[in-house]
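According to Swiss-Prot, the protein has these features:
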{"type": "BINDING", "residues": "Lys27, 79-80, 106-107, Lys110, His112, 133-141", "note": "5-phospho-alpha-D-ribose 1-diphosphate binding site"}
{"type": "BINDING", "residues": "Thr137, Arg166", "note": "orotate binding site"}
Amino acid sequence: MTEALDTRFTQFLLESQALKFGSFTLKSGRQSPYFINAGAFDDGAKIATLGEFYAEKIQQEIAASNLAARIDTVFGPAYKGIPLAVATTIAMQHRFNASIGYTFDRKEKKDHGDGGTMVGKPLEDGMNVLLVDDVMTAGTAVREVVPKLKAQADVNIVGLVLSVDRMEKTKDSDLSAVQDVQREFGFPVFAIANVKEIFAAGRQLIGEHGQPYVTDEIAKAAEEYLTQYGA
């Protein structure tokens with residue numbers, strides 16, 4: 001039997017050293033005992049594998065009728081979302097024979113050459129756009145790109161796929177950033193794995209020294225953090 005998607009993804013995060021344990025200051029100012037570092041996906045093999053996980057999650061949600069079957073382009077917000085969008089569309093083609101465009105934004109408008117604020121598949125009225133991003137902390141990137149997309153064309157944003165849902169409440173409410181974005185914009189948000197799934201899987205996965213990746217000490221620190229900040 002094939003291992004669950006979240007378990008395989010957790011192993012990938014750990015082996016890529018993208019999931020780190022220690023003490024980290026987040027954008028929110030919170031001190032977290034764990035951190036997801038998307039910068040660790042720094043070579044062709046890792047980013048290709050990451051794209052495969054995104055594609056598998058997308059296909060899973062389409063099959064469950066949670067996500068529109070027609071996706072015209074995958075949009076990744078600059079900068080970290082750019083390789084995600086490209087890798088995801090390549091994986092969708094290779095694994096599922098689905099030819100989908102990719103689009104990303106420029107941080108600054110270009111006034112020469114092809115110009116404009118967008119790169120990749122041009123946005124047109126009625127297109128179904130799927131957003132991809134790495135880890136959502138407060139939803140700031142989404143709130144910035146949605147108006148940008150709508151300013152280009154009357155597109156339908158059909159959803160957002162993340163690598164990890166940290167499942168933390170925002171500063172302003174008891175909702176998580178994911179729940180807050182879903183409520184505000186009305187499109188579904190999916191994650192390849194959430195933090196609870198990751199820690200549950202990490203307790204079972206054995207590292208190179210014969211010990212679980214997630215020790216009792218790490219699990220306790222994560223549990224205490226989520227007791228305080230979890231949504």
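The backbone N, Cα and C atoms fix where each Cβ goes, glycine too.
Just so it is clear, the model here is predicted, and its values are computed rather than measured.
The structure, with features from Swiss-Prot marked on it.
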| residue | record | contacts (Cβ under 8 Å, 6+ apart) |
| --- | --- | --- |
| Lys27 | 5-phospho-alpha-D-ribose 1-diphosphate binding site | Thr137, Ala138, Thr140 |
| Lys80 | 5-phospho-alpha-D-ribose 1-diphosphate binding site | Ala38, Asp133, Asp134 |
| Lys107 | 5-phospho-alpha-D-ribose 1-diphosphate binding site | Ala78, Tyr79 |
| Met136 | 5-phospho-alpha-D-ribose 1-diphosphate binding site | Val142, Leu162, Asp165, Arg166, Ala177, Val178, Val181, Val189 |
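The 10 Å shell around the Cβ of Asp134 (5-phospho-alpha-D-ribose 1-diphosphate binding site) contains 21 further Cβ atoms across the protein chains shown.
In three-state terms derived from DSSP, Met136 (5-phospho-alpha-D-ribose 1-diphosphate binding site) belongs to an extended strand segment.
In the three-state DSSP reading, Arg166 (orotate binding site) counts as coil. Highest local Cβ density among the binding-site residues Thr137, Thr140 belongs to Thr137, counted as other Cβ atoms within 10 Å over all protein chains shown. It is Ala138, among the binding-site residues Ala138, Arg166, whose Cβ has the fewest other Cβ atoms within 10 Å in the structure shown. Annotation note: Lys27 (5-phospho-alpha-D-ribose 1-diphosphate binding site) sits in a coil segment as assigned by DSSP.
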